[in-house]
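**Student:** Below are the features I grabbed from Swiss-Prot:
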type	residues	note
BINDING	D147, N149, D151, R153, E158	Ca(2+) 1 binding site
BINDING	D662, N686	Ca(2+) 4 binding site
BINDING	D715, Y716	Ca(2+) 5 binding site
COMPBIAS	469-483	compositional bias 'Polar residues'
DOMAIN	290-435	domain 'PI-PLC X-box'
MOTIF	213-243	motif 'GBA'
MOTIF	741-744	motif 'PDZ-binding'
Amino acid sequence: MASQIQKLLTTNQDLLLMQKGTMMRKVRTKSWKKLRYFRLQDDGMTVWHGRHLESISKPTFSISDVERIRKGQDSELLRYLVEEFPLEQGFTIVFNGRRPNLDLVANSVEEAQTWMRGLQLLVDLVARMNYQEQLDQMLREWFQQADRNQDSRMSFREAQRLLLLMNVEMDEEYAFSLFQEADVSQSNTLDSEEFVQFYKALTKRTEIEELFENFSSDKQKLTLLEFVDFLREEQKESDHSSDLALKLIDRYEPSENGRLLRVLSKDGFLSYLCSADGNIFNPDCLPIYQDMTQPLSHYYINSSHNTYLLGDQFCGQSSVEGYIRALKRGCRCVEVDTWDGPDGEPVVYHGRTLTSRILFKDVLATLAQYAFQSSDYPLILSLDNHCTWEQQKTMAHHLIAILGEQLLSTTLEEQLIDIMPSPEQLRGKILVKGKKLRTIEVVESDKEEEELEKDEGSDLDPASAELDMQSQPESQEQASGNKSKNKKKFLLQSSTTILCPDLSALVVYLRTAPFCSFTHSKENYHIYDISSFSESKAKNLIREAGNEFVQHNARQLCRVYPSGLRTDSSNYNPQEHWNVGCQMVAMNMQTAGSAMDICDGLFRQNGGSGYVLKPEFLRDTQSSFNPMKPVSLYKAQILVVQVISGQRLPKVDKTKETTVVDPLVRVELYGVPEDTKQQETSYVENNGINPYWGETFYFQIQVPELAMLRFVVKDYSRTSRNNFIGQYTLPWTCMKHGYRHVSLLSKDGTSLHPASIFVYTCMQEDLDMDEP
């Protein structure tokens, strides 16, 4: 693949023009538009820009950091500048994670097309690289960085600089001995092939060699039977382990003769352990593997709070980009706060703050385009409506006109009224969640009508409560006097009606309802009534009535949202709300941190569909489960985690070439309160390339079905807080035991390949302190 890129750099016309460089306009805001010189570097993997051709600057971004290229027509920012620049001359570079997009305007349509085609070609090539090809590319980049005089050879001084780039501080005498061993030509320099041998010596995996030799009778190879023993005893691959061993040998043994003899060499063994088959995340959990035909209330649903915000809650930017990013992350419930806007057009923003505004119809157009790109399971549009009657009519018109057949506007045929539809039944549909005027038939089935309370938005926003009071349906006493009238008509209210029937009619299965008590909800609400809770209210209910909360959530949906005091868009721990079966635990997805890592970890499974089936005891309306007083169906288990080693950890501060990390690993367990705990290794001084810890931890787990495991690697600091290096979070139910690699992710959730840690995990019935 790497050679293919090098070939394309000399033959592809788009890439040739990109290597010559192009002056383009970089656009950050409506007023910030600067000319910059962009050029694809000779390695074909990095792009830099400067004020002019002679600018001295480092590469601005790597092709591996780019997710996709968008046309100018799809850029919210460039559309605002259509009178200044033709949209056909613009394009957007979309990066992985939360890194801001890069909007560019070329001097001509042809120039824009050249860069769009060329960049997308390289992005697609990188996406198809396997582990070895990615490693080859990384080695090539390191060699080029170390070869300061560009003579295609590396001196020992350049090799010393490389060690610092690779995040390792090594004794000079030992480093020189490795350098001499690799210098087969005895020229006191290394060519590219000799450099590969130098790299292998630097990254020698002694711990894996020892593991290999423990199962190999001749210390040179694993026979088929020896490999089967390893898979069965250590990797817990008890089912069809013989067939699996054959497949893995065919897949990872580099020697054709070894494959014919059905043996695995040391290199093949290492390739297996570093592959997806040797990863801690069970590959069987990556596609859709759960039953998707159960009622919506039986699933955790990946949910976003104030989806339109890219920053804080007070003066942050509102943008349709927030919806695109959330949907890209697998979000299946987005929030839309609507307010009256100019020219009769509703706008979306965080009301009574300084956040910017976007048009409601632009949000809908974005949802129509991106709703089902990452998941085709139903998308819930959580509507927080603050508009007047007239603009609500406009909202209803836009919902129907823009979303078209994607919008679920009527109940499903042959769907029982007392059972919520399933994700499978609702595939490809957008559901509106919001307030709904009640019909006489519904009122008659209710024992009483309660005064509506505030149920959505910020804890500090009185407007919602005011709206709810105004849109309150008439009391049961008033309703009884109207029984002779047409039952399909909406009820008149004692005060001026605020909620528009046109908009109300589009709320089909997801009607918001104020929460009074669990008893009231059970006796008065239907399965399609949804109550919303602030995080603090939900926490109180969990502490005071955990089991009732579990039963409530087995029967109907609920939504939890962050406190309005979180003006910085920080997040709360979703785990404690999942523990009682809350389905829609809304997160500020624009904010990285441990809370979002836990959220991403849960929804990484099941095809990234945004729907995860809750454990059986959280789907039973008669469940006796209480997370505050868990009684395990089985004997408490012991999770054993041995943190063995780390590989190619990135620098915390890449601008400081001479600094090297002192890494440590913290293992965090999240679940019911009794299971939540963490343990930490000691730190390894000055080694980011192959640190070794070899420390073992024991975690007692009462409710493994709810447990989440998070590995965090940090750079130890004596004077301040330890700096974040990388992390990986996964559900206990998706964890493969045995010797596994944990692929690290950045704060933004993007891959830090090839950075990883090597661990051993297993489950024990009784606490046995012997080393695994």
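Using the three backbone atoms N, Cα and C, a Cβ is placed for every residue, glycine included.
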**Student:** Inside 8 A of the center formed by the CB atoms of D147, N149, D151, R153, E158, which other residues of the chain have their CB, for the recorded Ca(2+) 1 site?
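**Tutor:** Those within range, site residues removed, are A146, R148, Q150, S152, M154, S155, T189.
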**Student:** Counting other Cβ atoms within 10 Å of each Cβ, which of the binding-site residues N149, N686 scores lowest?
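**Tutor:** If we count Cβ atoms within 10 Å for the binding-site residues N149, N686, the smallest count is at N149.
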**Student:** Can you tell me which parts of the same chain pack against the motif 'PDZ-binding' (741-744), counting only residues 6+ beyond its ends and a CB-CB cutoff under 8 A?
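**Tutor:** Tertiary neighbours of the motif 'PDZ-binding' (741-744) are 273-274, 278-280, 647, 649, 711, 713, 725-728, 751-753, 755-759.
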**Student:** Out of D662, N686, D715, Y716, which of these binding-site residues is nearest N149 (Ca(2+) 1 binding site) by C-alpha distance?
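**Tutor:** Closest candidate to N149 (Ca(2+) 1 binding site), judged by Cα separation, is N686.
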**Student:** Filter the binding-site residues D147, D151, R153, E158, D662 down to the ones within 10 angstroms of D715 (Ca(2+) 5 binding site), Cα to Cα, kept in sequence order.
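**Tutor:** Matched binding-site residues: D662, sequence order.
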**Student:** Please report the number of other Cβ atoms within 10 Å of the Cβ of Y716 (Ca(2+) 5 binding site).
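**Tutor:** Other Cβ atoms found within 10 Å: 15.
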**Student:** Measuring CB to CB from D147 (Ca(2+) 1 binding site), give everything in the same chain under 8 Å that is also at least six residues away in sequence.
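**Tutor:** Same-chain residues close to D147 (Ca(2+) 1 binding site) (Cβ under 8 Å, separated by 6 or more) are R153, M154, E158.
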**Student:** Which secondary structure state does DSSP assign to D715 (Ca(2+) 5 binding site), in the simple three-class scheme?
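**Tutor:** Once the DSSP labels are grouped into three classes, D715 (Ca(2+) 5 binding site) ends up as strand.
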**Student:** Please determine which of the binding-site residues listed here (D151, E158, D662, D715) has the lowest count of neighbouring CB atoms within 10 Å.
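**Tutor:** Relative to the other binding-site residues in D151, E158, D662, D715, D151 has the fewest Cβ atoms within 10 Å.
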**Student:** Considering only the binding-site residues D662, N686, Y716, which residue has the minimal Cα-Cα separation from D151 (Ca(2+) 1 binding site)?
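**Tutor:** Going through D662, N686, Y716 one by one, the Cα closest to that of D151 (Ca(2+) 1 binding site) is N686.
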**Student:** Write down the Cα-Cα distance for Y716 (Ca(2+) 5 binding site) and N686 (Ca(2+) 4 binding site), rounded and given in Å.
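**Tutor:** Computed Cα spacing between N686 (Ca(2+) 4 binding site) and Y716 (Ca(2+) 5 binding site) is 10 Å.
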**Student:** Using DSSP, how many residues of the domain 'PI-PLC X-box' (290-435) fall into helix, strand and coil, respectively?
**Tutor:** 44 helix, 31 strand, 71 coil
**Student:** Where Y716 (Ca(2+) 5 binding site) and D662 (Ca(2+) 4 binding site) are concerned, what is their Cα separation in Å, rounded?
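**Tutor:** Cα-Cα, rounded: 5 Å.
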**Student:** Please list the DSSP helix, strand and coil residue counts for the motif 'PDZ-binding' (741-744).
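**Tutor:** The counts are 0 helix, 4 strand, 0 coil.
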**Student:** Measure the Cβ-based neighbour count of R153 (Ca(2+) 1 binding site), defined as the other Cβ atoms within 10 Å of its Cβ.
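**Tutor:** So the number of other Cβ atoms within 10 Å of R153 (Ca(2+) 1 binding site) is 18.
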**Student:** Just to be sure I understand, if DSSP states are collapsed into helix, strand and coil, how many residues of the motif 'GBA' (213-243) fall in each?
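**Tutor:** Counting residues by DSSP class gives 16 helix, 2 strand, 13 coil.
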**Student:** Let me know the model's mean pLDDT on the domain 'PI-PLC X-box' (290-435).
**Tutor:** 95
